[in-house]
Amino acid sequence: MADAAASPVGKRLLLLFADTAASASASAPAAAAASGDPGPALRTRAWRAGTVRAMSGAVPQDLAIFVEFDGCNWKQHSWVKVHAEEVIVLLLEGSLVWAPREDPVLLQGIRVSIAQWPALTFTPLVDKLGLGSVVPVEYLLDRELRFLSDANGLHLFQMGTDSQNQILLEHAALRETVNALISDQKLQEIFSRGPYSVQGHRVKIYQPEGEEGWLYGVVSHQDSITRLMEVSVTESGEIKSVDPRLIHVMLMDNSAPQSEGGTLKAVKSSKGKKKRESIEGKDGRRRKSASDSGCDPASKKLKGDRGEVDSNGSDGGEASRGPWKGGNASGEPGLDQRAKQPPSTFVPQINRNIRFATYTKENGRTLVVQDEPVGGDTPASFTPYSTATGQTPLAPEVGGAENKEAGKTLEQVGQGIVASAAVVTTASSTPNTVRISDTGLAAGTVPEKQKGSRSQASGENSRNSILASSGFGAPLPSSSQPLTFGSGRSQSNGVLATENKPLGFSFGCSSAQEAQKDTDLSKNLFFQCMSQTLPTSNYFTTVSESLADDSSSRDSFKQSLESLSSGLCKGRSVLGTDTKPGSKAGSSVDRKVPAESMPTLTPAFPRSLLNARTPENHENLFLQPPKLSREEPSNPFLAFVEKVEHSPFSSFASQASGSSSSATTVTSKVAPSWPESHSSADSASLAKKKPLFITTDSSKLVSGVLGSALTSGGPSLSAMGNGRSSSPTSSLTQPIEMPTLSSSPTEERPTVGPGQQDNPLLKTFSNVFGRHSGGFLSSPADFSQENKAPFEAVKRFSLDERSLACRQDSDSSTNSDLSDLSDSEEQLQAKTGLKGIPEHLMGKLGPNGERSAELLLGKSKGKQAPKGRPRTAPLKVGQSVLKDVSKVKKLKQSGEPFLQDGSCINVAPHLHKCRECRLERYRKFKEQEQDDSTVACRFFHFRRLIFTRKGVLRVEGFLSPQQSDPDAMNLWIPSSSLAEGIDLETSKYILANVGDQFCQLVMSEKEAMMMVEPHQKVAWKRAVRGVREMCDVCETTLFNIHWVCRKCGFGVCLDCYRLRKSRPRSETEEMGDEEVFSWLKCAKGQSHEPENLMPTQIIPGTALYNIGDMVHAARGKWGIKANCPCISRQNKSVLRPAVTNGMSQLPSINPSASSGNETTFSGGGGPAPVTTPEPDHVPKADSTDIRSEEPLKTDSSASNSNSELKAIRPPCPDTAPPSSALHWLADLATQKAKEETKEAGSLRSVLNKESHSPFGLDSFNSTAKVSPLTPKLFNSLLLGPTASNNKTEGSSLRDLLHSGPGKLPQTPLDTGIPFPPVFSTSSAGVKSKASLPNFLDHIIASVVENKKTSDASKRACNLTDTQKEVKEMVMGLNVLDPHTSHSWLCDGRLLCLHDPSNKNNWKIFRECWKQGQPVLVSGVHKKLKSELWKPEAFSQEFGDQDVDLVNCRNCAIISDVKVRDFWDGFEIICKRLRSEDGQPMVLKLKDWPPGEDFRDMMPTRFEDLMENLPLPEYTKRDGRLNLASRLPSYFVRPDLGPKMYNAYGLITAEDRRVGTTNLHLDVSDAVNVMVYVGIPIGEGAHDEEVLKTIDEGDADEVTKQRIHDGKEKPGALWHIYAAKDAEKIRELLRKVGEEQGQENPPDHDPIHDQSWYLDQTLRKRLYEEYGVQGWAIVQFLGDAVFIPAGAPHQVHNLYSCIKVAEDFVSPEHVKHCFRLTQEFRHLSNTHTNHEDKLQVKNIIYHAVKDAVGTLKAHESKLARS
């Protein structure tokens, strides 16, 4: 099993010295291998076995290891120089496997024949014999050594299942040996990598030079980054500094320590194990980043899947299991994997399809983490040493071992560690995913914590290691060049061979050579030696060759290996030499390659770059000054990537031979070109050609370099890599990586977007992978044909995925990753132009429900680990430029500014730290928060740094809006292709309902810009995936303009800034700490003065104003009425008519204007003639004078247009250039005219008939030929200004229904009905099938909404009229859709739909919904699986969970009760918990399932509920009318549920004054479904009490009838009030509170506090004093209650109920969401509703953006009409 640590310390080792090997020729082993029986010849050699106890050496030639040989006395243990002439073969412990065994085994004196026996494989570190494909194995227990001809008969040992193997169960000695081995490895992992600390534990330290061998002591301190530990020696009391990667340290149990020669026996301390498990689990919940794969819920599964999480952990059990599992047993030397891979990176493998998202709030920011189980393939991020000749990086983490110069102290060494970036590639056991981890980071560069986490991943990595061994040699210790990329993320793209051909990847590390020379880091002996060139015949090579079916591929592969070995830099070993074609596991076709498992490239740096890049090759993207123009659009951040031509394909392209026909062999071709490109000169030239940060545009990636190399066939995978990788080497890996692959491995999404289809890279990639069923990429067919950016991504990313994984490695992260966080995703997506699939659709794209979007996105972040990426997996942000000595040197010389690409702590600790970084040390959950440090940093990708002439790092400034790039812009502008889940009609409807709020937003932002002082520069804060930017004062989500402190990043929203600035300074000082909006202090306690803050915007450039432009243009073109602030301000006097008879009048038009004439206001004040053709069959009315403040000409003539109206657009006044932020205000008047021309003009002509009826009913009489257009026009009219709800005398409804044609009073036609039509209408010219009833309903609804009376007496007088109107309304709606089964409750005021699955429900539902009325849908329970929702089912499944209960009678909280206690008393009163007086309590479960865990905890119930929710258009997460679906997954997804509400019934008379849920309101719409009603048994019947409660609750007769006639089970009594009445209710409650002597603090609200239940007395008082009447609704089993946003409501359970609610955001009620968000700002910071989780402004923006984009895409229809 691979040792947990990357260092060889603690590993088993086999040595063959020259004197013992002289008798045999060096070729013997190879010959033996060819003959198929290499065993005997090798076995007879004098092999020396032992354990590595220490390591030393400052340069590769001096690398030495201290070996404790088996069976020798103390004096015979000695130091062995790894590269000494006498060392012929040096093999290091690899994976634990099941190996075939022919000879019987002697067990307890009995010989037993067993076919498979646990054995350790070994990986060559030095191989002068050329073992080739020979696999050395040492059987456990008797330690018999065997040499197998290949790895075909080996199967990876998997702790989860193999620990139960019969052999182990029967033989205790063998079982103990296996457990001891696993324990050793786990302990090494704990010592060597974070985030584990062994502080306070007893340890024993090996003393190579001492007489006693072991020294005992207690760890007094362990550095979380360098891992150096200070040990207090027990005997002497002195403090020793020890590096566990250089000297063997073992944990001791309380029992006396013992030394056991080769291995430690069960040394693992239980504490250590628990600690580790707790750490892994802990992280899970907080930050389920892909990296946390093993966390939390996932961890539960892990145990099942993998056996014990821990056990597999470093054991390679899991890690190495990849290649050996199932089909994987391709015989790859997967065994070695372990050895190669940084074993410690164990990532528990979780069910691939599982993904958990958590939203955690930290310091005002909410981060989303997704627990996507990483595919377990994540490569270890630590730096393994590169293995010589491509062998697996032996102890991958040796990299951890710092370069130790001879004179350096251990501490120095610790810090200087260079992780030779060994490529740890693991063939993931998961279906063939092979990952090459770019763990090129120097150990020093990667915070150990990361390593630790990575190390966890390494388990998976171990699988990767196979790949590594297969040719991905670890890049050597180029310490100086910390691989920036994924820092070891498993991102490296996994290689898949399509036709079972293994892919060989050579991972060269040559680029690092120079760097090595420059830096001490590179000196780490061990790493370097690892990198030294060894004969290419390593047995792994042979294996890979044998695996490859294609001889040509084999040859090329060999060549590549050879060239690598010979051509690599001198001190280094050829990393790729032994490339085995991706272990079979990785390559075999049968294996599925889950998209997630594929490593994603970070757009900036292809994985391959990692290993092989010369220091220069890999320039930090950010180095380049934003202003530099480059061939490719550069990200402002990416400043200066050295343009070394090293595009991964550069050299390779030219050299690749056509033989690479099999995609799998691609790498081999690339390899050859490698060495050459490494020369610094070459690299420089190469660099010039390709910026590292390649555009995601695949076409671009391919261009040039790939050019010739790619063959249409599917040639080299390498071509697929990001073109940007600067070093040729990278190309090797690249092949595997998808150019656009960089993001969340878990999103499986089509790989190739239409835009990319021509891209050879993509083609190749898709060809290679497309055939795999699980394939990493979906086939092109998945793509919609319209050019979607390959990344439908942005929008689509699931936040989950975005997880913060990136955060973790803040320090070590390289920019490549950086990009991943922000730019790269956007870039990719921008480049491809794909808009992105809504989050909700993402899961559907990939086979495993995993999403590859990120892959496409190019986020380096999610990279490959599909599943359970190790928590700390390196997949974080890439390493900072400042960690690379060569780059720092260049930056100092050039004096160029660069972007801060890491957290303040890691990048610029001596400069001002942002708030997040300053608080880092105080975090409660340190390990978890570590992950976020980089991404959560306020200055990450925001602040610009620069070196002064003296080399001192200083702040140069911040990014400006002009430095945004197309990729960043892509997130904020409509996609060129159609957005998913939104059609033409929906777009118009959204614009009609939400457009005004959007305009309000824009106006607000413009006002904010006016507040910016002339001398101030506006900065640009790029949106960071998975981070919700929040105001530090009121915690509202920051939408765009805000003000930021340059020193600490403190940010305030526009409202708080305005409030503070407008307050006199004296008043501000007096407020002190009691100020409602407390402004936090700056770094040194100074207060934040508004004038010192820096104005900052989030939306790049002028995107916001451009969308505003498009909104007005679209409204004009499509005839969508507007009532937005911008129009009303400019045309107020002209456009706002008086109201008559409930309808708004058309401004500037007298009653006869309806004669079909259109009026237009010309921008210049002159008349603008407009002709509006109308259908010939519509009679025209004579035009009359038009009254207007400005002269207007109207043309009363109407021309025939085949029933299609074509409005002639009035000339537009000159407008400012589009670039002007305010230019769209310029022609508001003209646009307004256009809108009216489109809608009202023709309508007027149609309706005209002497202007008699505003609705022109005459034109609809039976004999009239009605234009199909007419109804649509009418609907458009209704979309008009919702001006006034006031009505003058009479009711237009009554007049309409009771009067004959032409008898209604004449009124202007521009009506202001306050709600849009049921069928959103397209502009004039588009035919509609709607008919009279369709808009008759609008009229009816309008009347009902506007029928108001000022006081109770008036209401009483009008009772008769109201009843008539209700009947008429019911009649109208019945006519509207007679096929929708429904009835009316609450005296005709509440719609009840009877068939939840009727697809037409939305039509009638919308009419009531847009008026703010609740709606009831019955019968949902008939669709649900009833057995899932029974109390006993919950009790059985979750009974042991601890929960908090609330006593409904007194609101007391009862903590830490088993949930079983609650469920047992659900229907049996005698089993209920009792209060102090002995009475059974009425309880409700508090927040269960907790937080957002419903989906994760109860997946089956989640699916059952979501599939059967009524009105799916609104309620489903991807519903077309659910605006929350429009929020790109790039952002933190709002928590919309589902949430469960479980409570007993309040069944006594005293309980009628108490509520189960007190009066409150929600910021979003919700549907609440009654899934179970439990009628309690015992202590008397309560039916009569329940009926009395219903009667006193004001329920109507129809409802009561349901109980008597239908025998239905009533569950709960609801009282819901209209949102518009909330203020009146608030006023009453304040009044009652004062009467009762209660205080009313300003930061509290009687409704938001949920402290009141309106009993019968209060409800009566509310009606009498304020005229407010609500809806009394009895919710029966299966009833779904729809509650509008902002509507106050309360619930009283009649019986025990289980209810489940899902929130949504409907277009009709966005205005309430908008208003409530502002209300919540003023609540106290501790208030549950205080935080703005809905992000309503962002939702409005993106909904409008998508709607406008869709309308633009359909403009051709307008042209045709």
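Heads up, the Cβ atoms here are built off N, Cα and C, so glycines get one too.
His1689 is the residue from His1644, His1689, His1692 that Swiss-Prot records in the Fe cation site together with His1560, Asp1562. Per Swiss-Prot, the phosphoserine annotation among the candidates Ser647, Ser1253, Ser1267 falls on Ser1253. Just one residue in Lys361, Lys861, Lys1238 has N6-acetyllysine written against it in Swiss-Prot, and it is Lys361. When you go through Ser506, Ser698, Ser798, Ser1320 in Swiss-Prot, the residue listed as phosphoserine is Ser798. Shown in sequence order, Thr1557, Leu1559, Leu1561, Ile1683, Ala1687, Pro1688, Gln1690 are the same-chain residues outside His1560, Asp1562, His1689 whose Cβ sits within 8 Å of the Cβ centre of the Fe cation site.
For His1689 (Fe cation binding site), the same-chain residues 6+ apart in sequence whose C-beta sits under 8 angstroms from its C-beta are Pro1414, Leu1559, His1560, Leu1561, Trp1614, His1615, Ile1616, Tyr1617, Ile1683. Under DSSP, His1560 (Fe cation binding site) is assigned to a strand (E or B) in the three-state scheme.
DSSP assigns His1689 (Fe cation binding site) to a strand segment in the three-state reduction. Sequence-distant neighbours of Asp1562 (Fe cation binding site) (same chain, six or more apart, CB under 8 Å from its CB) are Ile1683, Ala1685, Gly1686, Asp1703, listed in sequence order.
Averaged across the domain 'JmjC' (1498-1721), pLDDT for the predicted model comes to 89.
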